[in-house]
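Lifted from Swiss-Prot, the feature list:
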- 3-23: transmembrane segment (TRANSMEM)
- 35-55: transmembrane segment (TRANSMEM)
- 56-76: transmembrane segment (TRANSMEM)
- 107-127: transmembrane segment (TRANSMEM)
- 129-149: transmembrane segment (TRANSMEM)
- 166-186: transmembrane segment (TRANSMEM)
Amino acid sequence: MDFYSLIFLSCALGMDAFAVSLCKSFSVKKLHLKHYLIVGIYFGGFQALMPTIGYFIGITFASFIASIDHWIAFILLSLIGLKMIKESLENENCNSNAKQFGFKTMLALAIATSIDALAVGVSFAFLNVNLLLAIFLIGIITFILCIIALKIGNKFGIYLKNKAELLGGLVLIILGVKILIEHLFFD
């Protein structure tokens, strides 16, 4: 997977965290540095950790599924993308009354938003991916997206949440199709 594909993948994976960060910003009248760090570190950290775990799960089973690896990557990325698109169309409201930045809440949200990254990590085991670069980009880009989301969310509100998830879903599906086409026609 080339550098630009990793950038697009990182942005797509960060869209769930971006959407949740928008919601987080609605619960605070004034954001402080600690809010940015809490949200960025939790989401960026878990988005980087989960593909690593997924990668090692994938290589454990690599010999069993090497001949269908491109189909696995395509199916996983497409299913994740479709899930994100479906969620973007459901119009869920953000909860602005809960304790939004506590350990349990942030841990649960970080894990929930990074499950997609775990599945992508499994597909990394079957692709030509620089794992360290991918993990770095996914973590940093998610961190940056969360910071941007907190800023934007304070200004523009819930309207943007669904658009971010929709875009992220479309990007994942496009990457899945690209991987499938490369392996079917150019290997």
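Placed from the backbone N, Cα and C atoms, the Cβ positions cover glycine too.
Taking every recorded stretch in 3-23, 107-127, 166-186 and counting its Cβ pairs under 8 Å to the transmembrane segment (35-55), the highest total belongs to 107-127.
Panel annotation: around the transmembrane segment (56-76), residues 118-127, 176-177, 179-180, 182-184 of the same chain, lying at least six beyond its termini, place a Cβ under 8 Å from a Cβ of the stretch.
Beyond the ends of the transmembrane segment (107-127), by six or more residues, the same chain brings 1, 9, 13, 16-17, 20, 42-43, 45-59, 61-62, 65-66, 69-70, 72-73, 76-77, 79-80, 83-84, 134, 138, 172, 179 to within a C-beta distance below 8 angstroms of the stretch.
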